[in-house]
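Have a look at the structure below, then the notes.
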Ligand SMILES: Nc1ncnc2c1ncn2[C@@H]1O[C@H](COP(=O)(O)OS(=O)(=O)O)[C@@H](OP(=O)(O)O)[C@H]1O
Ligand SMILES: Nc1ncnc2c1ncn2[C@@H]1O[C@H](COP(=O)(O)OP(=O)(O)O)[C@@H](O)[C@H]1O
């Protein structure tokens, strides 16, 4: 209680103590994983608690057995969203470089965060499909073109680009460090870094 009897406001949490989910959505080879790990490194060095929920790793453990049908992708995304919210509610910066191609799956994750009062930032890593196919980090675009696989997001499977993300990041013509800095600056603006 203050000397004049008024209740004192609790001090605002420092950026390091504020949890949030930062979801990086975009096509395969857009740059989601690269940017998530670059941001994670910087945030950790600044004293944040950080967890990267990488799509590939999640599919090896939490979502083992799921494929790439619409239903399986939805299940995968909502599972990741569930875990992310729990961690973020406990002060962790959760970085989720996960394609999440369907708007309704992403909306479900957003709604769950909002219901719990947990910060959720949707970042669209908006690399054009032509450049993603050129990068082709895992050779998936080449395999699709050769008819060895089908159902590749953005090529012969849907990608519903976010209509109103918190941030749309362009990576074409930008160095990784530049895009990572833009993302970090955005978190700073939001009081999260
Ligand atoms: N058919 C098809 N479509 C899209 N992606 C495919 C496919 N098959 C395998 N992969 C690889 O799976 C990686 C993880 O996918 P995600 O869990 O992020 O996808 S999803 O959100 O459930 O749609 C994803 O990782 P990134 O390349 O890092 O995005 C792909 O490399
Ligand atoms: N500005 C940039 N931001 C992120 N990645 C970039 C950028 N410029 C070039 N790249 C390259 O693009 C590739 C993206 O691969 P990756 O991060 O695995 O994509 P995703 O996780 O979206 O499938 C990496 O080889 C990375 O070095």
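Note that Cβ sites are derived from N, Cα and C of the backbone, with glycine treated the same way.
Unlike curated entries, TrEMBL annotations are predicted automatically.
Over in TrEMBL, the protein carries these features:
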| type | residues | note |
| --- | --- | --- |
| DOMAIN | 18-169 | domain 'APS kinase' |
| BINDING | 26, 27, 28, 29, 30, 31, 32, 33 | ATP binding site |
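Here the features listed in TrEMBL are placed on the structure.
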{"residue": "26", "record": "ATP binding site", "contacts (Cβ under 8 Å, 6+ apart)": "32, 99, 124, 125, 126, 127"}
{"residue": "27", "record": "ATP binding site", "contacts (Cβ under 8 Å, 6+ apart)": "99, 127, 129, 132, 153, 154, 159"}
{"residue": "28", "record": "ATP binding site", "contacts (Cβ under 8 Å, 6+ apart)": "99, 132, 137, 138, 140, 141, 152, 153, 154"}
{"residue": "29", "record": "ATP binding site", "contacts (Cβ under 8 Å, 6+ apart)": "127, 132, 133, 135, 136, 137, 138, 140, 141"}
{"residue": "30", "record": "ATP binding site", "contacts (Cβ under 8 Å, 6+ apart)": "125, 126, 127, 132, 171"}
{"residue": "31", "record": "ATP binding site", "contacts (Cβ under 8 Å, 6+ apart)": "125, 127, 169, 171, 176, 179"}
{"residue": "33", "record": "ATP binding site", "contacts (Cβ under 8 Å, 6+ apart)": "54, 55, 56, 97"}
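Within 8 Å of the centroid of the Cβ atoms of 26, 27, 28, 29, 30, 31, 32, 33, where the record puts ATP, the same chain has further Cβ atoms from 24, 97, 99, 125, 127, 132.
Within the model, the domain 'APS kinase' (18-169) shows a mean pLDDT value of 98, rounded to a whole number.
For ligand 1, no neighbouring binding-site residues occur among 26, 30, 31, by Cβ distance under 6 Å. Around the Cβ of residue 32 (ATP binding site), 28 further Cβ atoms fall within 10 Å across all displayed protein chains.
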